[in-house]
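Read through the structure below, which is laid out as structure tokens, and then see the notes.
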Amino acid sequence: MNERIRLLFAEAVDIKLEVLHNSEMTIEIAYIAPLCEENKINDFIIVPFTKDFYPFESQLKTNPDYRKVDDVAKWQDLMLRGNVLIEADGIIYSFEASRIISIENPQTQVESAIQGPQLALSEDLNISLNLIRSMYPSADLSVEEHTIGSLSKTPVLALYDQRRVDPTVLDSVRTKLMTINVEMLHAAGELEKLLVGKRKHLFPTILITERPDRITKALSKGKIIILLKGNMFAIILPATFFDFMHAMEDDYDAYWMTRFLIFLRYTSIVLTITLPALYISVVSYNPELFRVQLAFSIAGSRSAVPYPSFIEVFIMLFMIETLIEASIRLPRYIGSTATTVGGLILGQAAQQAGLVSSIMIIVTSVVAISNFVIPVNSLSFAIRFLKYPLIGISIFFGISGVAVGLFVYIAYLCNLRSFGKPYMRIFGKLRPLEGDVGQVKIK
Amino acid sequence: MRLYIRIFLALFAVCLLGGCGFKDIDKRFFVVALGIDQSDNEKKPYRLTLQLAVPSPKIEPGASKTQIESIDSQSIAEGVRMLKAYVDKELDFGHCKVFLIGEKLARTDYQNLLQWMSRRRDIQSVADIAIGKPDAESLLQVQPLSERYPGNTLFLSFGADGTESSYTYVESVSDFSRRASEKGLDPLMPVIYKDNKESFIINRTALLNKKRVKLVLSSTESQLFNQLANDFTKSSMHGMFEGMDLVVAITAIHSNFRIGKQNGEDTITMNIKMRVVFEEAPKGLYDEQWRPIEISLNQEYAKSCIALLKKIQKANVDPIGFGLRYRANHPGKDVWKEWKSIYPNIAFKVNADIRIEGTGLIK
Amino acid sequence: MNRYVFYNFMLVSFINLMLYVPHILIQYRYTGAVSSIVIGILIGTILVYLYTSAMARFPGKGLPEILKLYSPKWLVSIMMFFLAIMWWFATTVVVVAYAVLINRFFNPDANTIVILIMLVLACGYAATRSTLSVMFVVEIGLIINAPIILFVLFKAVRSTQLSWDAIRIVANYVTAMPTLSCIAAASFIFTGYINLSLFNRLLPPNFRFKFRFVYPLFGAMILLITFFVPIGFHGTEGVAQYIYVWSLTADSLLMQYGFIERVLFLFLLVYLNLTLVYTMSGWHQAMEFVKSCIPSYKPEIDSPKTPLSNYVIVGIFALLSVLYLVMTNEKINMMITSYWLIVRLFVEIFIVIWVFVLSRKGAKAA
């Protein structure tokens, strides 16, 4: 066997090919050392074989951990996944001894909640499944395995509640998973792009999460979860716009407070999208829109600014966007310094230098802060972009342009579908029990 | 290649769009008040005075700066156009909240002015309109000491978020233009004049017919009129009781009127219900009987009301809308002619019903 | 799912301000507007009841499919083409009027045609979406804007400036004989039900029309406010001089403590949204009607891909709208609209009776 294996692989020092002898028999074992747990190999193969209290051959036959491999073509694959191949008496067995390096019981970091589970999904599929299964102990939970990536061979699990899932969505997800054709797949975001299929999309139509409570909630609503090996994040689909605006704490905290928070979130979405554009249209087209006192104080603070309003807006937005971008990538300790330097000093200095008006500083910070209010990161990123087209249209049409732009956004959102389900729909249930609009299929 | 075409198309569209009225706020001159007078020049009968706001980054009492521009012209619209040549920034009427009409112009003919105001899209219907005495120009020159924003004093004098004086009748452009055309409802306006250099007095009301000023009410009459027509509560009333001076503050007032025949005579009956609290009264009033005081207050109030109504009737104007009510109650084609013959001779009857609520904090 | 029917009704009843309905009625305020309003309410109510009960018999079917069941194809095609023109016209008038309004109140220096092109592009994009998406946009548009409109209306009715005497004077003229153009204008408020011609496709098979009494009540309320509030504000005489009666009425209101002080701007923005939503809905319906003339046409309510024909048809609509603006002015637009309202009334009565008869026939045959 070892000769053939040597041919199958490229020259690599970490492939271990050994021949072992004891008093009765000779076996050959082959494994890729870094992928395997040495302890496990010692405990299950080398020690029992050399000590030979119990005939190793019958051990191979009885213990289901040693699986018989008939197909030579599978050897490569098995070894690459951390199995040990054992040849005894011309029969090949495989033994799973893979060592997975992952963070032990990671805490939620991206979507943290004060109350609610603090554990996030693990990079190990088994631990993730353990978490989900224990939080969703239902016999209806169905788990399907797929493999994606011609090179990376990433195992992918699709989970759903077989009674509640929408069969049409399930079908389309299955066919999508089967037909994906890539070499490498490592991140949930990558899989998301492949599943959606559209090259240029503005909004995320698939929810990526690390929270097991969000996952089990989604399962109970008949959604499909996709887990990815080596990734702490799961994919939930189909997702609607409102799922992205939903923080898990909304289900845990007091009713009125959470309603207020939800209201706050939608208000801040509107603010972060429209405020720069409104600033331009009020300053340059319709100063009569707001109170006279406000108009005068804007006019006063702008009197030193030499540029038209939109250049002012671009300067400030450029500054704030670079700040945000910089502080995301920087290590945590330096990150806060960067924000302080940028936010406080640059803003103040820019205003004193007469580059921007003081109202514009307020506008910029409101835009930035209200953007962070959105609970799910991927939507927050999408929203961050939305203000720019509106700024463009407001330069030419003022306030009416902004209103028209918002209308186009709403039309676009309503037109989006997440796996056949409407993305933006008020008061619509995902699986309506009674009759719903658009159910009749016309032949 | 397609990219180039796209960029070209985008640029082309942008070029098409250019010059859509993009004008920054600091390149605009906000007109905060417009005064219109009659000039002595016969060929250019209108004298326009614009109070322009000069915005400053500092906002504190007394920091407001204004610029005054005036011009004589043949018509109002032309005058405004010509004034643009006098200033370096675009004139913007979007925040013009006060229109002052010079007394002389108001005494001749205001219809032209009103037409111009109704036609302009940027003139707010909610703007206030008033008569300036002796003329609008000199009033706009006044620079009040405490003013934070340019023109703020005038805005606040009229609006309800500043002072609410019982002597000031607030008239908006939209209401004025309604009254100027309605059959059975005549316009009226507050009269502003200045006492010295730094403040305004607005305590008189001018009654107009469809063309010009007919009557100017004194300040006491203005207050009384406000109570009758507007149910204005933050006001006071003066009365006598057995030789004692009484001043009461009105906490609630409600008035209505009926037109009908009484003893074969056309009569307008006004019912006025009031709740009052003493503000100035001799000590010990608390222990007296209130009913006789009420009765004597009633009589006195009714008397002064009738005097005011008669005065208005004599000037042949109808600011309260008696004619409108008559038209509403008497359907038919010739009702308007009928009313015109009735009104000069109609009798008035006022039933005042004053209830004393208390004597204030002391007995 | 009754709310989807009601959205259509509400949308059209709000949009009447843009179709010069108050202007037409106020012109005739002494000569028959009040009695026409009463008759308009009656006609509207009857049509609503007839059409909804007829449509309830054809669940999931639009007007073209219903007509094709019983009539020859060429007749249906002609009819549909005609209806498409009617629908296109109704919306184009509104969007063109609004472009002019933006030019008057928001961007006085901008070119009306450029503004119209912007509006038309936005509406065109939205109209080419699938029927289901269009319905969702209508829903969101109304949920956002209707409360604001109701607030403005409420504020207007409660305002101290409103003169009830003036309203009573005009109401006294109820005895004047009604006129055709006034009836047509008044009954327009109720015409939202006709949108069922297309949106009936969306309704599920077990659908039943509920709360039908709300339609006449709501319509009558809007109609009375539309007509009487401007009179109360501008007086019996002054009201006739304004072209944009309701914009001026909104301008007479002041929100003392509001963020936006002048109600006018709130009102204009809200009506801009409504205009866009209405135009989108109208063009979408017209587009579907045109498509139903094509022999190989299959109705589709939520196609994943937008067919090319959508873009072509709506593109033509958009071009025609721009042409319409170039060829007309405010005065001609208003005149054409008042004639269109009359034609619309008769066409609608015709359609409603036709479908109603078909529904009874179908019931007997079954």
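Cβ coordinates are placed from backbone N, Cα and C, and glycine is handled just like the others.
Since the structure is predicted, the reported quantities are computational estimates derived from the model, not experimental observations.
Lifted from TrEMBL, the feature list:
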- C:6-26: transmembrane segment (TRANSMEM)
- C:33-54: transmembrane segment (TRANSMEM)
- C:74-101: transmembrane segment (TRANSMEM)
- C:110-128: transmembrane segment (TRANSMEM)
- C:134-157: transmembrane segment (TRANSMEM)
- C:169-193: transmembrane segment (TRANSMEM)
- C:213-233: transmembrane segment (TRANSMEM)
- C:263-281: transmembrane segment (TRANSMEM)
- C:308-327: transmembrane segment (TRANSMEM)
- C:339-357: transmembrane segment (TRANSMEM)
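Counting Cβ pairs under 8 Å to the transmembrane segment (C:169-193), the top-ranked stretch among C:6-26, C:134-157, C:213-233, C:263-281, C:308-327 is C:6-26. Touching of the transmembrane segment (C:308-327) and the transmembrane segment (C:74-101) is concluded from the presence of at least three CB pairs under 8 A, sequence neighbours closer than 6 excluded. By the count of Cβ pairs under 8 Å, the stretch nearest in packing to the transmembrane segment (C:110-128) among C:74-101, C:134-157, C:213-233, C:339-357 is C:74-101.
For the transmembrane segment (C:213-233), the residues of the chain that approach it from at least six positions outside its boundaries are 6, 9-10, 13-14, 16-17, 21-22, 25-26, 29, 33, 37, 40-41, 44-45, 48, 153, 156-157, 159, 161-164, 166-167, 170-171, 186, 189-190, 193, 239, 242, 245-246, 248-249, 252, judged by C-beta separation under 8 angstroms.
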